[in-house]
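Peer 1: Just passing along the structure, written as structure tokens.
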Amino acid sequence: LCPPAMSRRVVRQSKFRHVFGQPVKADQMYEDIRVSKVTCDSSFCAVNPKFLAIIVESGGGGAFIVLPLAKTGRVDKNHPLVTGHTAPVLDIDWCPHNDNVIASASEDTTVMVWQIPDYVPVRNITEPVVTLEGHSKRVSIISWHPTARNVLLSAGCDNLVILWNVGTGEMLLVLDDMHTDLIYNVGWNRNGSLLVTTCKDKRVRIIDPRKQQVVAEKAKPHDGARPIRAIFVADGKIFTTGFSKMSERQLGLWDLKNFEEPIVLQEMDTSNGVLLPFYDADSSIVYLCGKGDSSIRYFEITDEAPYVHYLNTYSSKEPQRGMGFMPKRGLDVSKCEIARFFKLHERKCEPIVMTVPRKSDLFQDDLYPDTPGPEPALEADEWLSGKDAEPILISLRDGYVPIKNRELKVVKKNILDSKPPPGPRHSQSTCDPDFSRPALEEVLEEIRALKETVQAQEKRISDLENKLCQFTNGTD
């Protein structure tokens with residue numbers, strides 16, 4: 001007779017209860033990278049199934065390095081950089097719909113969008129596809145729209161949030177008069193219909209960007225004075241990290257239907273680094289990485305109390321300077337890998353693999369539901385006109401093979417076709433009325449041809465250099 005013992009189910013059932021983190025072997029790290037020392041709460045690292053990008057130290061101006069994912073080991077000190085900004089780069093973000101396109105935000109008040117070739121270029125990349133100018137102070141946040149093609153968000157120290165159509169280089173929307181102080185972070189919901197922002201005025205705002213209005217707001221979700229972070233999680237709930245009055249780090253879970261009271265608000269520790277949350281919608285796991293911490297804590301979010309379930313902590317000896325988070329389609333499904341982080345040290349980048357232990361070698365479909373793929377669900381103008389669409393999903397059953405640099409023409413075409421029209425608007429007098437449309441098309445065609453020739457030559461030089469390297473390596 002022991003009903004109390006029978007009813008006491010201590011262990012919660014979850015397939016993610018035994019997730020564990022492991023660093024890769026030393027030869028699979030990226031060594032000799034001078035990671036940026038700029039004081040900024042951005043992650044300093046962006047990664048996709050093809051490339052790893054890291055903001056680096058650079059004398060005079062701002063730069064980041066882009067490495068093919070397979071190029072592990074020691075990085076050549078003369079490896080080309082992306083160097084168009086005139087002041088330090090503060091944030092970088094890969095386009096979710098084109099693995100060869102990356103945006104960068106800088107202290108020089110501009111946002112630049114870059115096309116990265118599949119081959120390693122010979123010289124620094126100095127020419128962006130487009131430069132977006134609209135902020136009056138440094139730009140510390142950029143984020144691509146999750147489902148609409150070419151829509152990019154930027155937020156600056158001028159308290160503005162600007163949405164751009166990268167395909168035309170134009171501003172779509174400017175969200176001003178919403179934030180009274182410095183914006184700490186901005187995040188999209190799953191279909192890109194809403195934004196969540198945190199601000200130095202201690203408010204979390206839910207914004208409908210197309211209506212240009214705040215649809216929900218919470219003052220002081222965390223009482224402390226240090227920065228707050230917020231992200232959307234499943235079912236439109238909001239997950240926040242911040243500090244208590246006693247400077248303890250906290251996490252919170254909030255329901256927009258009742259934004260006044262938290263579903264969960266719990267203390268964690270007394271460390272002073274801002275916690276960067278990374279959310280995996282497929283598994284409902286939130287990973288918390290503090291800048292300056294040497295650990296990654298992870299929690300599962302569910303519909304049953306206590307709602308935020310602590311899973312485990314990955315610990316190491318070295319503190320992290322920044323962190324990259326691989327999209328689901330870049331993971332190795334054959335090894336039951338459910339997340340991969342790219343931890344920045346002072347002089348290297350160390351991948352950390354999160355795995356669910358399974359005995360079977362078969363595809364584990366319960367771990368890998370269909371996940372957002374690289375195809376956009378909407379065009380920029382469709383989204384602007386009020387349409388919403390969920391991400392277009394792909395199966396990972398056979399693994400994901402990155403697409404060759406297919407979008408190069410699309411981005412170029414958009415930019416080139418749409419750049420000439422603003423000319424007359426700026427200065428009517430300098431426009432020659434006899435300069436006909438066909439002549440303009442001819443010039444553009446010539447520019448296209450020249451660019452293609454230059455790229456072909458760069459690739460040829462790069463191939464020859466690689467062959468020469470192999471030749472010299474073989475004769476040493």
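Using the three backbone atoms N, Cα and C, a Cβ is placed for every residue, glycine included.
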Peer 1: Checking feature assignment: coiled coil per TrEMBL, candidates 188-215, 244-271, 300-327, 440-467. Which range matches?
Peer 2: 440-467
Peer 1: Mean pLDDT over the repeat 'WD' (132-174): what is the value?
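Peer 2: Across the residues of the repeat 'WD' (132-174) the model's pLDDT averages 96 on the 0 to 100 scale.
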Peer 1: Looking only at residues six or more beyond either end of the repeat 'WD' (176-217), which have a C-beta under 8 A from one in the stretch?
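Peer 2: Those are 41, 140-141, 143, 145-148, 151, 153, 155-157, 159-161, 163, 225, 227-232, 236, 238, 240, 254, 256, 259, 281, 383-384, 386, 388-391, in sequence order.
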Peer 1: Could you give me the DSSP helix, strand and coil counts for the repeat 'WD' (132-174)?
Peer 2: 0 helix, 25 strand, 18 coil
